[in-house]
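Presented below is the structure to which this report refers.
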Amino acid sequence: MAIERTLSIIKPDAVAKNVIGQIYSRFESNGLKIVAAQMKQLSRADAEGFYAAHKERGFFKDLVDFMVSGPVMIQVLEGENAVLKNRELMGATDPKKADKGTIRADFADSIDANAVHGSDAVEAAKVEIAYFFGA
Ligand code: UDP
């Protein structure tokens, strides 16, 4: 089993719902260690740069509006198969399709306001961690 790092963001909807601690508890009880963290109010440039891969998609402007609507909690998670493990804990992008007991099933309201981000691959995680935490 590989020890990996992945980037996680608790999005503005979940920060506003006061569930940072409950989400952290899921990470920790599933073997993911929080090795760096920062609360941040993203600028539009921060959000646009982070989601640059989606800039041609119809939902891009709404996504950026949402991501700057309040502070986010950004963390680096470390553990065995951290990238996949975090994606499993998060559940599907659309909370209506997310498995029971996942973070999105329990804390998200819609596909736009879906509580958390998690890197989808080890290479993406490296880029995303560097984006917020530097080398
Ligand atoms: N998103 C959206 N509408 C869509 C698809 C995606 O608002 O129809 C947003 C949603 O917040 C999602 C983010 O864009 O989390 C990135 O999309 P991606 O497909 O990468 O999903 P994720 O990796 O977050 O599950």
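Any Cβ shown, glycine's included, is placed from N, Cα and C.
Note: TrEMBL annotation is automatic and uncurated.
According to TrEMBL, the feature domain 'Nucleoside diphosphate kinase-like' maps to 3-135.
The ATP binding site annotation in TrEMBL covers K11, F59, R87, T93, R104, N114. Sequence-distant neighbours of R87 (ATP binding site) (same chain, 6+ residues apart, CB-CB distance under 8 A): G118, D120.
H117 (active site, pros-phosphohistidine intermediate) falls within a strand when secondary structure is assigned with DSSP. Within the same chain, residues at least six positions away from H117 (active site, pros-phosphohistidine intermediate) with a Cβ under 8 Å of its Cβ are L7, S8, I9, K11. Feature annotation from TrEMBL assigns active site, pros-phosphohistidine intermediate to H117.
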* To do: With DSSP as the yardstick, break the domain 'Nucleoside diphosphate kinase-like' (3-135) down into helix, strand and coil residue counts.
  => 62 helix, 28 strand, 43 coil
* Asked: Can you give the largest Cα to Cα distance in Å, as a whole number, for the residues K11, F59, R87, T93, R104, N114 that bind ATP in the record?
  -> 21
